[in-house]
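Comments concern the structure below.
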Amino acid sequence: MPESMSFSLNQLNLQLLIPMCISLFGGIILLGVGVFNKTKSRDLYITISMLFVVLNLGFLFLEGNPIRQFGFFNLLLVDGISLLTQIIMLLATFVLLLFFMNQNNLPETQGAEFYALLLFSIAGFAFMASSQNLILILLGLETASLCLYALIALHNQKSAFEASIKYFIMGALATTFYAFGAMLLYAATGSVDIISIATFLHQQSYQPSILVFAGFVFLLCALGFKVTLVPFHSWGPDVYEGSNALLAAFIAIVPKIVTFAVIIRIFSVFIDSHSAFVEYTLYVIVVLTMTIPNLIALTQKDVKRMLAYSSISHSGFVLAAVLINTPQSHSVIFFYWFLFLFANIGAFGILWLSVDCKKNYQTQISHPFEKFSGMIKTNPTLAILLTLFMFALAGIPPFCVFWGKMYLMQSAISANYTILALIMAINSIIAGFYYLKLVIYIFAKEPYEIKDSQSSLELSSKFALSITAFVSVACLFMVQNLLEIIEKYILK
């Protein structure tokens, strides 16, 4: 064999592809079962999905090594950031699947294709989080995004179809921006490999050319669309509103943590240049993303839209940790999002459990504040849990998100971003108003409907609510240990 064609299998390091292959294989199995299973047993599909999610998690915990590993001719990079991203993504998916098992007759959740697409999207996101090549990141992003477009539109209702089209158009625009940004960086540095780009800029004494700055701007716009940074956020609330509550929770958590992992890899290169343009641009976007959605959320009349704007604001907090760009702040990103996912899924899960399947689709996906009026009288258990999740999302001590915000502000102050820490504190106070608005409806208003609206909960939903509530409250006792585990992954 010619020398140029010879290579070692060690260069492939194919075991790095196992997490993606597990999800892909699970999706294919689901499609096969769906073809031959005439009874359309949703519980079977969910059980198979959970089996592959648990198998994936088990592999990451047992075989995952936070020390950097390269594979597939150095196109793949599996390190602590990649492993943490996949673990958070899979934990969120597992809890959401528990909620999906509750008896709910929305048509889109009955077929095998729904859960197959969910696993395919996880495979795409895992590929995206485990790459250091701008082109392969785009490949993983598009694979996952196409699955999400289909998942949203699967119900074939007007509002769902409209949400899917908006998401698709914004996604196509983001892809265009990303491709153009990658092209500019290639023109400036001769590489689409993130490490090679960083090496080139270091050799140039971090004096980026206009092409590098332009590439940064286009990539910021593209990734900003994916994590709903202001001013690229307008699609978010409409897509959340047109999706069922659990799918909205998935979109609010999984694509964002994966994209933030990519943002850490790419933007750390630009931030290390100590360019005033890069720092001021990110600073302005951080402040706008934390503040504007908070103010808009105050005026919302639908709980799902309020949670959508809340999620956008939380993205601003996480981007602040990227801007700070220290090992401590990078650890806080995953610490914050881990705590946020349980409170957020818990809140969206209760919206899911409050659906009345006998009503029309628009009523099913709409959750006006009035719907929760007097909930403490009609369903005290869910009312107390929803209140707990609102306190957690508001960052009220000692609930989970409080610790994420506290450590984030501490990181900001340590890195001399004192004003930024003050802005975070002000926005946390503003957020408290719209979260507590729902609590007032739950406790101080008369029931919206006279009839008893007690929900019949499956054991799986009770388990999911128990997990989310437990983490939201008991994190007080595991904060330090959790942060130490995350830091071990990040620092290696």
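Backbone N, Cα and C define each Cβ position, glycine as well.
Annotated transmembrane segment per Swiss-Prot: 16-36, 44-64, 81-101, 111-131, 134-154, 168-188, 210-230, 244-264, 276-296, 306-326, 382-402, 423-443 (among others), in sequence order.
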Proximity of the transmembrane segment (210-230) to the transmembrane segment (276-296), 3+ C-beta pairs under 8 angstroms: yes
Stretch-level contact, the transmembrane segment (111-131) and the transmembrane segment (16-36), CB cutoff 8 A, at least 3 pairs: yes
Spatial neighbours of the transmembrane segment (16-36) far in sequence, C-beta under 8 Å, 6+ residues away: 44-45, 48-49, 51-53, 55-56, 59-60, 63, 69, 71-72, 76, 78, 86, 111-113, 115-120, 122-123, 126-127, 130
Close approaches to the transmembrane segment (81-101) from elsewhere in its chain (Cβ under 8 angstroms; 6 or more beyond its ends): 19, 42-43, 46, 49-50, 53-54, 56-57, 60-61, 64, 66, 109, 115, 118, 122, 125-126, 129-130, 246, 249-250, 253-254, 257-258, 261, 264-265, 330, 334, 337-338, 341-342, 345, 349, 352-353, 458, 460-461, 463-464, 467-468, 486, 489-490
Recorded stretch that, among 168-188, 306-326, 382-402, 423-443, has the most CB pairs under 8 Å to the transmembrane segment (276-296): 306-326
Same-chain residue ranges lying at least 6 outside the transmembrane segment (382-402) that approach it to Cβ under 8 Å: 307, 310, 314, 336, 339-340, 342-344, 346-347, 350, 353-354, 372, 375-376, 428, 431-432, 435-436, 438-439, 442-443, 455, 465, 468-469, 471-473, 475-476
Top Cβ-contact partner of the transmembrane segment (423-443) among 168-188, 244-264, 306-326 (pairs under 8 Å): 306-326
